[in-house]
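Enquirer: Mind looking over this structure? Questions follow.
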Amino acid sequence: MDKSTTRIEPDQPLLTNDNDMDNERLSPQQKKQMRDREDLNFWNVMKQICDLSVYPIVGMLFHPAYQIVNTIILGQDDEAVNNLAIFGLATVTMSIAMMSIQLSFNNALMTLVSQAHGQQEPRLCSIYLNRQLVLNVIVFIPLCILLLFAESFFLAIGQQAEIAQRASNYIRVLLPGYFCFGIFHAYQKYLAGQKEVRLSTFSYVLAFIIHLPVSYLLAVYYDMGVEGIAIASSIHLSMRLIILSIAIKFSQFNSNLVSIIDQETFRNLKPQMKMSLYSSGMLIWGWWAFDIFTFLSNFMTNDIMAAQIVCRQIVLLFYMIPIGLSIASSILVGNMIVINLINEAFVMLCLYILFDCLQCIGTGIISGLGKQNKGSLLTIFYFKMGITALWQGPLVAIAFNSVAYYAFILCVDLKETIRIAEERRLREKNHL
């Protein structure tokens with residue numbers, strides 16, 4: 001029998017079962033999803049997004065919360081300015097060189113998993129997860145090697161020797177924690193793509209609760225200062241992975257997991273790597289824009305650098321609120337694309353743009369053409385406005401970013417997207 005993959009016409013329903021599956025065979029959750037799909041007007045879509053985004057919003061609020069605790073603890077020290085400068089330099093460097101890459105790189109996994117979940121392919125979801133875990137290790141190794149030489153870079157840009165040396169030590173202590181964070185984030189995207197957002201939220205909250213006594217014990221009680229905060233932060237990031245792994249072990253998703261050494265894990269790594277790199281290229285600029293103008297404060301006084309770090313932590317807290325809405329929108333769009341609900345997916349896309357633009361306006365984080373960095377540099381060095389200039393620069397591209405996002409969505413061929421998603425599923429199914 002010829003198993004060659006044939007081109008699927010976009011107007012043809014992509015997923016069909018015998019008689020579309022009788023209602024008696026549907027679980028209560030599936031019946032609810034079917035009812036939701038039948039009534040996808042604007043307000044019903046808004047309700048679905050809000051319902052699905054509650055847990056992600058809570059979880060994302062706790063994502064930067066541990067850094068706020070770190071800032072508060074270091075701010076009480078007798079050497080608060082120097083400690084905050086060291087903490088800020090190390091934190092922003094790790095954010096630019098490691099966390100931003102991990103977050104944007106893994107975002108492609110949610111696209112793949114949400115589409116496979118919509119196609120009712122749990123094994124394929126797990127295969128995508130395994131591949132992403134392998135790719136995380138591949139990407140982490142060169143980044144880790146580069147960060148081991150952070151001290152030389154800090155000295156080259158004119159940092160004080162003591163701050164450069166202690167910030168570099170802080171980074172080395174954080175590396176194991178960030179390795180665990182990359183794995184944790186892949187699992188989080190795997191679950192989110194299947195509309196499971198509670199487990200990762202539980203991990204964020206519990207890890208934060210554990211971080212409170214650990215950070216106080218090391219930094220204050222044992223008087224380890226910045227070094228104690230580094231150890232506590234690395235433990236915190238590792239605990240997220242440990243807690244989530246335990247939660248998955250006792251969840252329904254455990255039975256769907258495939259061994260990491262399964263032969264399918266190492267097949268088609270290249271296409272998933274390319275998709276992950278494209279995801280990074282699309283998302284990383286906004287993150288870098290936000291952190292680079294914080295990094296520029298290193299060229300000013302330690303007082304300004306410390307003040308900028310405090311401002312950054314406060315803004316990050318509010319930045320996380322719309323991200324939960326964005327996660328919910330992405331999940332629902334991915335699920336709808338593969339079941340040929342084009343009009344409904346378009347409503348989701350429009351709402352996603354609304355949330356994303358609000359996020360940009362609310363936090364001043366813009367990824368438009370990199371003009372914000374040039375604006376910040378000109379304002380800092382020519383108008384001498386100091387820390388105020390750091391927050392004015394990113395506002396330059398707000399209008400461009402909003403219009404460009406909306407224009408991009410209008411140009412998306414959703415039927416072609418559906419066809420590509422289905423062809424990818426069929427290629428994978430031929431090997432499973």
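Please read every residue number as a count from 1 along the shown chain.
Backbone N, Cα and C define each Cβ position, glycine as well.
Predicted automatically and left uncurated, TrEMBL annotations should be read as such.
Found this in TrEMBL, in case it helps:
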COMPBIAS  1-10  compositional bias 'Basic and acidic residues'
REGION    1-33  region 'Disordered'
TRANSMEM  84-105  transmembrane segment
TRANSMEM  133-157  transmembrane segment
TRANSMEM  169-187  transmembrane segment
TRANSMEM  199-222  transmembrane segment
TRANSMEM  228-248  transmembrane segment
TRANSMEM  277-296  transmembrane segment
TRANSMEM  316-338  transmembrane segment
TRANSMEM  345-369  transmembrane segment
TRANSMEM  389-412  transmembrane segment
Enquirer: Take the C-beta pairs under 8 A between the transmembrane segment (169-187) and each of 84-105, 199-222, 228-248, 277-296. Which stretch has the highest count?
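Expert: Stretch with the highest Cβ contact count: 228-248.
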Enquirer: Any contact between the transmembrane segment (199-222) and the transmembrane segment (228-248), i.e. 3 or more CB pairs below 8 Å with pairs at least 6 residues apart?
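Expert: Counting Cβ pairs under 8 Å, at least 3, so yes.
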Enquirer: For the transmembrane segment (84-105), which recorded stretch in the set 133-157, 228-248, 277-296 gives the largest number of Cβ pairs separated by under 8 Å?
Expert: 277-296
